Amino acid sequence: MASGPGLPDSLVLEIFWHLPHKAVLSAGFTCRQWFAVSRDEFLWKELFYNYYCIPRSVPRHPAAVSWYREFKRLYDCIPCVEVQTLKEHHDQVLHLAFSHRGHRFSSCSKDCTVKLWDTERSDGNISLVHSTSMRQFNWGYTQFSQFNADDTLLLVSGVYLGPHHSSSGEIAVISLENYTLLSRVRNKPYDVFGCWLNETHLISGNLHWIGNMTSCSVLWLNKAFQDIESENVNVVKRLFKIQNINASTIRTVMVAHCRRHDSPDLLLDYEAQSQAQALAQAQRTQQHQPLFFDLGNTDSEEEDDEHDEDEEDEKRGEKRVSAHLPLCNPSGIQHVIHGHHSVATHDRELETKVARLMGSRRTKAPDPNLVSPTAPGEGEDKTYLLFTTGSLTYSPHQIGIKRIMPDQMTTCGPVLGEERSTDEFFDSLDHVIDIHGHIIGMGLSPDHRYLYVNSRAWPAGCVISDPMCPPPIAEEIDLHVIDLKSLREERRSLRAHRAFTPNDECFFIFLDVSRDFVASGAEDKHGYIWDRHYNICLARLKHDDVVNSVAFSPADQELLLSASDDSTIKVWRSPRMVRLAEALQRPPRARKLLSSLFGHRSANLNGKP
């Protein structure tokens, strides 16, 4: 073939169009001409759309250099190769969290330990650094952890077993310098989890029942070093006090530091895709559209002492549910469920109406300027407190948003609501987004602009007449994307993962977001990875039981962890990283020989002898 006339480029290209991408790459090493044709942009554009089944109206990622490299990114840089299985936990592993530098991560488990792991060993393997058991503090299990901004402290949240099996939780702060316990904070209900506001202050919750269907959630700001400073300065300050109706409560708090978003890590609002999906989106809008409520007219009642509240819980016969991380049984919910059978529907409706009426007169008026869509060119940074809540039923179906002002980010200053007038018992929510389904997970993008929400949808057009009987939930999990700049839901939902537990046993499934990908666990014994730009599922990560949590390394999104009920943590790396690691492990002579062979092939492709 080398001695005769070669095929014209157009004919070679036509042949390559009918080959799979691996065959195209192999054929490209035949000669210089075929190599040049095998890198043709139009060819790889066709291969890209055909292989990944992406609508042609979806443009290439704005940061992509070429169609070939974009194909390679999705094919070769997904952390889908299992390289290590960590088996140091002895029960279900519930949550994983990376440090901000990515050099450590923590894991929480039903074995009531929080473990710290090192990701920077020279051999590339992950090793256990430290393990702390919280059983000595009467915890049932650890369920959540989070590093503070400078990676010096670790927040650990767990279920606290009180003397009468109260379902309260507790938050512990551990120093990462010497692994000493710095403080412990009560957290109720325990699926509030808690979170860091800044390097030294964390947010916790408390719940007080006012009636059968009405309660009050209080969110507290706590200083991490309470034992050291509590005699000299304020270490606790009440942030917000919010009334709940229809047996709902505030849960799963997180903080979003929404910067100006001059360079967002994802561009959602491109015109081509929105036009291509206009018809389908219009059909979905008829069934379900995110609703925005002004909850300025919410609920009220005075706050009880925490000790009195615990006693009241004991009188109600609270029982901790054994299912891991149930969302639907907060503190006092057993009492509410019992009331469902003993209190007439009319009485419950009357209680809700009275609570709304009292709340409308005893709630601090909302400021519409605190939370509003960011105008073009607006440069103000905003800090939002995000949490799951509800207004129609006890299952969490709404995202509540409350802006935290600069003077509220420290425990100094007025405490216990001294800045309020005497008739303003409660704070209104600044913004609410209704998801129309049971929320089972939330995660923020690295730039804090986008909130990803796992939910199990309610039937279209369903009407909730009894708050204690929420609609049945779908087995498919929808992954919604909410733009915190425009305060609206963007795009279509991602869907591939599944969950099977009913409403009253539904539990939290943690998700995580990197620059390019989003990952989530599922009850079908797999974790899932999607591309954030193209909205396609790229990988399924197999376990032997429910996958509760996933976590990307913030330093390298080609490293992913998954935690499961099978008591293991699996470490996943991209095919590219696996090849690089294998190349480094080869003997020096083999590496030198390999590099010389590649160099010789490269020289041939460039027409050199």
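Note that Cβ sites are derived from N, Cα and C of the backbone, with glycine treated the same way.
Marked as compositional bias 'Acidic residues' by TrEMBL: 299-313.
According to TrEMBL, the feature domain 'F-box' maps to 1-47. Helix, strand and coil residue tallies for the domain 'F-box' (1-47), in that order: 30 helix, 0 strand, 17 coil [DSSP].
According to TrEMBL, the feature region 'Disordered' maps to 295-320.
Per-residue confidence over the repeat 'WD' (86-127) averages 96 (mean pLDDT, predicted model). What TrEMBL lists as repeat 'WD' is 86-127 (among others).
Residues or ranges marked as repeat 'WD' in TrEMBL: 540-572 (among others). Panel annotation: around the repeat 'WD' (540-572), residues 77-87, 89-103, 105, 107, 109, 119, 126, 324-325, 446, 496, 508-517, 519-523, 525-529 of the same chain, lying at least six beyond its termini, place a Cβ under 8 Å from a Cβ of the stretch.
Shown for the repeat 'WD' (540-572): DSSP residue counts in helix, strand and coil, namely 0 helix, 23 strand, 10 coil.
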